[in-house]
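Asker: Sharing a structure here in structure tokens format.
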């Protein structure tokens, strides 16, 4: 990857602005901040660059309303679309955001066909599928931000439960980025010790872990209900930057993301949250975990929900 990659952010709302801030603090590359609303990306770009003078970052940020400015991008993160409001599920956004995603995909195809694309817009698993099909980009270069965020929430709740640092917790959340996601306690650990073993030691109970799993599934909804006028943006932005960094720096991290499946986990031609290796080629490998019968059934149920939503937009 070249010394100063070009990173385009499509959508300059709360997540888009936070992405620009985090990317510039990490000096990952120069940024194009795009939005259809005049003045918003330009104002945020100016504000963030002025903040960067205090952080020692010389990253350049261009605010724009012209898609041509994304030309030649090395990586693109898409947040454009309506956010959730209290009482809404991610799936309620499907009609409006599908139209927006198709428009974005056309411009990505036109101006940045070699970019690595991360989709954040909800309903995530459908939007990333629309991006793949409409843009014509290779599937290893189009992924969705889901599992990194869901796992970070699961990690946080588990760290609270066991009263340990979040750095000691590692977890995996599979499936669609929705209410039927599958947090896997069996594959989640505290300093290498699986959660079921910690339960056997008397450090928690199965009932408490199930409550944590339910809270993880509703993690986004909990924040929407508290904010009342928007949805989460700090953690989603941080999650996408983790994925971006692994690609730009060829870190080959194992991260749970919405990836295009071609038979893995018994699923074909769909996106679902699974562990993948992200390196300089995008998705380097899909890691197929051995699931129990019950875990596979939960995963299948989650994926079936995604499949039905995709049929609705075809």
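Glycine residues also receive a Cβ, built from the backbone N, Cα and C atoms like all the rest.
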Asker: The NAD(+) site in Swiss-Prot includes 11, 12, 13, 14, 15, 16, 35, 120, 121, 122. Which of 97, 155, 167 is also listed there?
Answerer: 97
Asker: Most Cβ neighbours within 10 Å: which of the binding-site residues 11, 13 is it?
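Answerer: Per the Cβ count, the most surrounded site is 11.
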Asker: Using C-alpha atoms, which one of the recorded positions 84, 153, 177 comes nearest to residue 13 (NAD(+) binding site)?
Answerer: 84
Asker: What does the structure give for the C-alpha distance between residue 15 (NAD(+) binding site) and residue 84 (substrate binding site)? Integer Å is fine.
Answerer: 13
Asker: When the Cα-Cα distance from residue 35 (NAD(+) binding site) is computed for each of the recorded positions 84, 153, 177, which gives the smallest value?
Answerer: 84
Asker: What's the CA-CA gap between residue 120 (NAD(+) binding site) and residue 177 (active site, proton acceptor) in angstrom, rounded?
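Answerer: If we compare the Cα positions of residue 120 (NAD(+) binding site) and residue 177 (active site, proton acceptor), the gap is 10 Å.
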